[in-house]
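S.K.: Submitted below is the structure of interest, expressed as structure tokens.
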Amino acid sequence: MKVALVVKNGRLINPATGEDKICDIRIDGTKITAIGPDVDIQDADILDATGLVVTPGLIDMHVHLRQPGQSAKETIESGTKAAAAGGFTRVATMPNTKPVIDSAIIVDGLKYKIAAEGVVKVDIIGSLSKGLEGKELSSMGGMAKAGVVAFSDDGRYVQNCDFMRKAMEYAGMFGKIVIDHCEDADLIEGGHMHEGVVSHELGLKGRPAVAEDIAVARDILLAEATGTAVHIAHISTKNAVQMVRQAKAKGLKVTAEATPQHMILTDEALRSYDPRFKVNPPLRSEEHRKAVVEGLVDGTIDAIVTDHAPHTIEEKDCEFSLAPSGFVGLETSLGTVLTYLYHTGTVDLMTLIRTMTSSPAALLGVDAGNVTVGKTADLTIMDLNKEWTVDSDKFYSKGKSTPFEDMILKGKAVATIVDGKIVMKDGEV
Ligand code: DOR
């Protein structure tokens, strides 16, 4: 049996080193052993990447795999298959599960499941508070020892300033970043969508942009006060982007991520009252959308994430105001950003790939996102020009709700390689 693989003649884009070149990549076992023109192909299977782009394996640092406890929505198996199908070799899963991932024993149980069922690598994010209640600290020390990569109460904002300050001090002691879902709870109470012209016309209660702005402002001040790195989850407002920009200029440890949906769609989509567009933070107006894209272009935004948030069809297929927020993204992320950000000339490929590989790897503190000899062979191979239509029936994810349904996209992952093994080829996992 051949133990080596040569990815032949692809265009390697490796943001960690700034390389953009046509080359071969040889993999022996789990490691990259040679990169260059005409590498040794002896004893190797060949994967012809002529005309294709080869990148470090894509990383999504914000997904909800719903384990433990919510296997009707997603499992490690279905979620990691969806990741592989979308070109991701690594994802970080959020702790708003049942039970909440708030202690080492839950982390250990989940690690066991990931080892048994995971098709791609899964990092675990521990909660900041017990039961996500924002009152008592979770077992942060134990979870840090058990290997969580970050702490977050994602899904809700940590409303109490005193609690957040303590949580950040602890997270800092363990060298972990704090990821915060920034929407002030009082200001969004009862809201279903972005507050603005559209929400007023539809007669739906809104979640104002200022709810995010205030939340982000507080977190930046606490990052300065505690010295702990804070990472703003799914940033979606103009002022929030501007504040992160200023914080970075000041040298504070503040970073941010943005989703395809907040960079591509606006609250105009809500006119259909279709629950598939319901998400938190909400799809906002054009000026906010543009500001988020500008933040990505100028380096204010460090990572593109999906916030992949599967719900069952029964839960999501109901009256708008009753439907849960969130939708899946792992299988559309690359296609949507290539179509709407790269092919439109808005964002260059190096920036796009950096924010989906080396940059999230650095934020999580994991050794990944770099195609260099000696590194683990996690790679994504993509066809920038492949046209395809989004069809949620074909998703590996159990979640079928996507705001991109039926869209024709240009660009797709055609192979995903994890630890030197091809886990997805031509869409088949
Ligand atoms: O819309 C959302 N759904 N936003 C979040 O932050 C959480 C997510 C979920 O867990 O369903």
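Heads up, the Cβ atoms here are built off N, Cα and C, so glycines get one too.
As annotated in TrEMBL:
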type	residues	note
ACT_SITE	Asp307	active site
BINDING	His62, His64, Asp154, Asp307	Zn(2+) 1 binding site
BINDING	His64, Leu65, Arg66, Asn96, Asn280, His311	substrate binding site
BINDING	Asp154, His181, His234	Zn(2+) 2 binding site
DOMAIN	52-239	domain 'Dihydroorotase catalytic'
DOMAIN	345-423	domain 'Amidohydrolase 3'
S.K.: Which number gives the other C-beta atoms within 10 angstroms of the C-beta of Leu65 (substrate binding site), all protein chains shown included?
M.R.: 32
S.K.: Taking the centroid of the Cβ atoms of Asp154, His181, His234 as the Zn(2+) 2 site, which other residues of that chain lie with their Cβ within 8 Å of it, listed in sequence order?
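M.R.: Nearby residues not in the site list: His62, Met94, Ser152, Gly155, Ile179, Asp180, Cys182, Ala233, Asn280, Pro281, Asp307.
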S.K.: For the domain 'Amidohydrolase 3' (345-423), what does DSSP give as the number of helix, strand and coil residues?
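M.R.: Each residue of the domain 'Amidohydrolase 3' (345-423) counted once, the result is 16 helix, 26 strand, 37 coil.
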S.K.: When DSSP states are folded down to helix, strand and coil, where does His62 (Zn(2+) 1 binding site) land?
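M.R.: In the DSSP reduction, His62 (Zn(2+) 1 binding site) maps to strand.
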S.K.: C-alpha of His64 (Zn(2+) 1 binding site) to C-alpha of Asp307 (active site): distance in Å?
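M.R.: Cα-Cα distance, His64 (Zn(2+) 1 binding site) to Asp307 (active site): 7 Å.
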S.K.: Among the binding-site residues Arg66, Asn96, His181, His234, report those whose Cα falls within 10 Å of that of Asp307 (active site); none is a fine answer.
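M.R.: Near Asp307 (active site), where near means Cα within 10 Å, the binding-site residues are His234.
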S.K.: Mind checking which of Asp154, Asp307 has the fewest other CB atoms within 10 A of its CB? They're the recorded positions.
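M.R.: Minimum Cβ neighbour count within 10 Å, taken over the recorded positions Asp154, Asp307, occurs at Asp154.
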S.K.: Cα of Asn96 (substrate binding site) to Cα of Asp154 (Zn(2+) 1 binding site): how many Å, rounded?
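M.R.: Roughly 7 Å, rounded to the nearest whole number.
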S.K.: For His181 (Zn(2+) 2 binding site), just give me the three-state DSSP call.
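M.R.: In three-state terms, His181 (Zn(2+) 2 binding site) counts as coil.
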S.K.: I need the CA-to-CA distance for Asp154 (Zn(2+) 1 binding site) versus His234 (Zn(2+) 2 binding site), whole Å please.
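M.R.: Answer for this pair: 10 Å between alpha carbons.
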S.K.: For the C-alpha pair, I'd like the distance in angstrom between Asn280 (substrate binding site) and His181 (Zn(2+) 2 binding site), rounded off.
M.R.: 9
S.K.: Nearest of the binding-site residues to His311 (substrate binding site) by CA-CA distance, picking from His62, His181, His234?
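M.R.: Comparing Cα positions, the candidate nearest His311 (substrate binding site) turns out to be His62.
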S.K.: Write out the long-range same-chain contacts of His181 (Zn(2+) 2 binding site), meaning residues 6 or more apart in sequence whose Cβ is under 8 Å from its Cβ.
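M.R.: Within the chain, His181 (Zn(2+) 2 binding site) has Cβ neighbours under 8 Å at Ser152, Asp153, Asp154, Gly155, Arg156, Tyr157, Ala233, His234, Asn280, Pro281.
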